[in-house]
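First up is the structure itself, then whatever we jot down about it.
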Amino acid sequence: MNSIKFPVLDRTTTNSVISTTLNDLSNWSRLSSLWPLLYGTSCCFIEFASLIGSRFDFDRYGLVPRSSPRQADLILTAGTVTMKMAPSLVRLYEQMPEPKYVIAMGACTITGGMFSTDSYSTVRGVDKLIPVDVYLPGCPPKPEAVIDAITKLRKKIAREIYKDRIRPQQGNRCFTTNHKFFVVRSPHTGNYDQELLYPPSSTSEISTETFFKYKSPVSSHELVN
């Protein structure tokens, strides 16, 4: 029998002690065990299914697909999202425990794609329903692109701090402390520019008395003069 030799334990302090923080340890454990909830409604999801095979082997990233949103921390949306499916998608996202992440895969998920042209039943962008962490364009994206999106998400998780995980509102999802983004006032305030509703002062104005003075049809030249 072949003898098994165990390596000699290095007793030096520099190689046997690891200094880290609880935040880094938590990030490392989460990025190494992402459990995705697969939400595929169209053809883009076929490309993700090829990752399950031995050629790409997405299990090496610790991805374990789950069928229940309560056990998942990543939802991967692929395909067209219709108005009828929108409530189901939002319900699945709300049932996922925090912290949770979203990858939008494909042009139809990101912008609505060709199905949103003159369509009243297609959602033009899944980010109108749930916050998105990584956008993956393509029609459809290649499996290598999906792996790249997962790698970028892992890097984002590795840089997170505790304050970034507290996201009570959907509007603050894109703001992270470590990225040093500036908080901009929401444009959807309802206070529209009233100047756009009126013609500029350089145009000719016709008084109400002049307009109602004429009972019979007259030319526009007479009204202006």
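Numbers here mean position along the shown chain, with the first residue as 1.
Any Cβ shown, glycine's included, is placed from N, Cα and C.
Database features (Swiss-Prot):
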- Cys43, Cys44, Cys108, Cys139: [4Fe-4S] cluster binding site (BINDING)
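Features as recorded by Swiss-Prot, highlighted on the structure.
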residue : record                        : Cβ within 10 Å
Cys43   : [4Fe-4S] cluster binding site : 14
Cys44   : [4Fe-4S] cluster binding site : 25
Cys108  : [4Fe-4S] cluster binding site : 28
Cys139  : [4Fe-4S] cluster binding site : 11
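Each residue in Ser42, Ala78, Gly79, Thr80, Gly106, Ala107, Thr109, Gly113, Gly138, Pro140 lies on the same chain as Cys43, Cys44, Cys108, Cys139 and has a C-beta within 8 Å of the C-beta centroid of that [4Fe-4S] cluster site, without being one of the site residues.
In the three-state DSSP assignment, the secondary structure recorded for Cys108 ([4Fe-4S] cluster binding site) is helix.
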